[in-house]
Amino acid sequence: MANYFNTLNLRQQLDQLGKCRFMGRDEFADEASYLKGKKVVIVGCGAQGLNQGLNMRDSGLDIAYALRAEAIAEKRASWRKATENGFTVGTYEDLIPQADLIVNLTPDKQHSAVVQAVQPLMKQGAALGYSHGFNIVEVGEQIRKDITVVMVAPKCPGTEVREEYKRGFGVPTLIAVHPENDPKGEGMAIAKAWAAATGGHRAGVLQSSFVAEVKSDLMGEQTILCGMLQAGSLLGFDKLVSEGTDPAYAEKLIQFGWETITEALKQGGITLMMDRLSNPAKLRAYALSEQLKGIMAPLFQKHMDDIISGEFSGGMMADWANDDVKLLTWREETGKTAFENAPQFDGKIAEQEYFDNGVLMVAMVKAGVELAFETMVSSGIIEESAYYESLHELPLIANTIARKRLYEMNVVISDTAEYGNYLFANAAVPLLKGAFMASLQPGDLGKAVAGTEVDNAQLRDVNEAIRNHPIETVGHTLRGYMKDMKRIAVAG
């Protein structure tokens, strides 16, 4: 199999990278009706598999779970989750032949084996669904020509997909039809019905492509969503402790600071996040973010280039074939860091204190979000896609760190995201550890910025620069569809 993206000519590559249209709510008037009366079989019962299935069943669809025979015989976690929630569970041979739509929600590294196992069992004219297009785009999986291939990609972890649905809402979602596999022209109808069944149509749906989803998703998770948070956590904690800060306080400021800071980002973009700072602190955070962007732009561009070319996916798949040696080594190294093993702080940190004492963290968020967005857009990805894969998902990932530090983040995200996270963080930490971290001033981290003097013209110009960044323009529009988003509880 060959990387699908690399088989396309330049015009086709640009066309698929740039495929992105915000769909009107009227396009979902029929909601999930296209799939009602059809048999939907989900392969895999992890976070996405279980929670999408629960939503789809509550939307009136006929849902069952196909698991490997050994998972059923040994009553593994996937079998327990499906059966405890009252779903029909069977082997591939039991359920796949009758299915109208098979939804593959297993981890990326299992996709080829799963597809090769289920494809011979699929009836003529059935549909195959994904929530991430890595197997199609990067692996280049060949699907039978009578099979329709679609994607519905919620832009949240599976637990959030369920919680938002239970609130009567949903999470923003990308949908796509593989252009090589739409023999009956029904792919979009299937994808729309599936998205509606998960509740995604209530939060906004982007009609995208497999290519655009994969390339933007990989870029976001490697850089700002995971890699920047991991690098910032390790660098920030070590800096605080080296300057005499109580390790327990330093750990809490970092662990819960990302969540608190990005909650403002979620509600009002970079503008609101920066407005939570005093005027002197805002000017300092802006200056630090511009400095960070200058230092890190080549690293962001390298990650984007390696994603576009297939260099990243090739390296990761080689590690799959080598029993995940790199991934497991990096995971172990992260677990041994001082931040991961610091004592817990018993005291309370007020919400505003996270901003006042976390100016560097605010600067890192601003720099990372803008760089990821700018790099994706300059590579042909449309602004709406770039927004969802950078700013939108950041509070959700920060929330995982608040639960159990970096360990929890790396458990919750996919192995693909975790591998990319380590690649980025392992390069970003030494890049910033020397001159940049040494140049920090009192008030950048751990203490509030001293002084109250502000130049009016400078503040005016900085405010205009923040508010006029393209991600703020597109974000204002897209957040309008998400006014019912629940607030993530911030720690004290």
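Heads up, residue numbers simply count up from 1 along the chain you see.
Glycine is no exception: its Cβ is also placed from the backbone N, Cα and C atoms.
NADP(+) binding, as stated in Swiss-Prot, involves C45, G46, A47, Q48, R68, R76, S78, D108, K109, Q110; the candidate among G18, G140, G158 given for that site is G158. Cross-referencing D182, D217, D238 with the Mg(2+) 2 binding residues that Swiss-Prot gives (E389, E393) picks out D217. With C45, G46, A47, Q48, R68, R76, S78, D108, K109, Q110, G158 listed as the residues that bind NADP(+), the site has a largest C-alpha separation of 21 Å. It is 21 Å from the Cα atom of H132 (active site) to that of R68 (NADP(+) binding site). Residue counts for the domain 'KARI C-terminal knotted 1' (209-344) under DSSP, helix first, then strand, then coil, are 118 helix, 0 strand, 18 coil.
Across the domain 'KARI C-terminal knotted 2' (345-485), DSSP classifies residues as 103 helix, 0 strand, 38 coil. Neighbours of E221 (Mg(2+) 1 binding site), defined as other CB atoms within 10 A of its CB across all chains, total 25. The CA atom of C45 (NADP(+) binding site) is located 14 Å away from the CA atom of S414 (substrate binding site). Using E221 (Mg(2+) 1 binding site) as the reference Cα, a 10 A cut-off selects E389, E393 from the binding-site residues A47, S78, K109, G158, E389, E393. Comparing CA positions across the binding-site residues A47, R68, K109, S414, the one lying closest to D217 (Mg(2+) 2 binding site) turns out to be S414.
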